[in-house]
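All remarks here apply to the structure that follows.
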Amino acid sequence: MKVDWTKDGLANFHQPCWSLLVWSTRSTSGEKKIPLSEIEMKMVKDAIKTAEIHDSADDVNRQASRVANMIKTSKYCVAFTGAGISTAAGIGDFRGIHGKWTDRDKVKEHGEKAKKVIGKAKSRNFQILRPTYTHEALQKLLELGLIKYIISQNVDGLHLLSGVQQDKISELHGNSFVEKCEKCDVRYPRSSRVGGKATNVPAKRCKDCRINHRTGRMCDIKKCGGYLMNTIINFGDSLESDVLDRAEENASKADIFLCLGSTMQVSPANDLVTMGKEPTRLVICNRQVTPYDETCFDTYQDGQQVGSRVFGDCDKFMKSLMKLLLSQEELKKWEAGREARLLQYDLQRKLTTEESKK
């Protein structure tokens, strides 16, 4: 084989070499730059679907400098987050090399063989997960007024745990630690993950996904008496109208969208990033290509680039960015507070120190 693949079908490339391989799979001229066997041709084509790209440290720092200046002059910067900002906390993403949908597609195509290679996925205990550097950085930027609002596709509850107030975020797909009254819509943040399919109250199947969202608890408002339900949006469910309305309202005000850890392929969430002021100033940081990458390279009339595109880990990018947005003294003090914040997170999740290490 031309490529030194690992046993689990992975390989690392410099960008020019990878581009050459990709070109070789698509060339119809008969003069492929690299002659590939039929098997290896298929391996490369499969790899294209999940390829992860990492810019050099210098490139990341260079883009961070541009983005810092953009944020400092912004009047309404909105953050848009996906599963990629939580991978450092231990949560799997969806379309990465070992993402949920990637593994599902492998099973569809290869059946039992793929199941043996993938293995039984471990169920992530959301209770022990803690906010990453990116979560905490976004909360700090909200506190400083440099970011005005967060729109998130994540259900892990890490944004709220980091200190983000509910009126500063739209969690489009729900929150595993929040339940709401199905009658009066009052929301209740919880210290433990909220379940569904309760058997101690009358079951009520959702008309869209056919799942019983009731948690078994009742609304605390005496005159209401409504049943509480989890807020998770399942396949087939519509987004909560009030949550989407707030997202759209804030998206329309945005003069910069800071998009972190998302491939932005899920509608209607991905439509939000182009609802802001024109020209659309998109900053995207993740490991994979998105349908909006080209927008980042749009230019003003004077030829200056409008947005920014960073390939790599969100935590690394945000660390570079925070060095430029905070003074050296502020940054040192804020980063030194991580241990105290972790203790606070444990208290909020009602875990002992030993339990949080499991």
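If you go along the chain as it appears here, the first residue is 1 and each next one adds 1.
Quick reminder: no glycine exception, Cβ is built from N, Cα and C everywhere.
Nobody curates TrEMBL annotations by hand; they come from automatic prediction.
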Among Cys224, Cys259, indicate the single residue that TrEMBL lists for the Zn(2+) site containing Cys181, Cys184, Cys206.
Cys224
Given the binding-site residues Cys181, Cys184, Cys206, and counting only Cβ atoms in the protein chains shown, which has the most within 10 Å of its Cβ?
Cys181
Secondary structure at Cys181 (Zn(2+) binding site), reduced by DSSP to three states:
strand
Least buried of the recorded positions His173, Cys224, going by other Cβ atoms within 10 Å?
Cys224
Across the whole of the domain 'Deacetylase sirtuin-type' (57-328), what does the mean pLDDT come to? Round it, please.
90
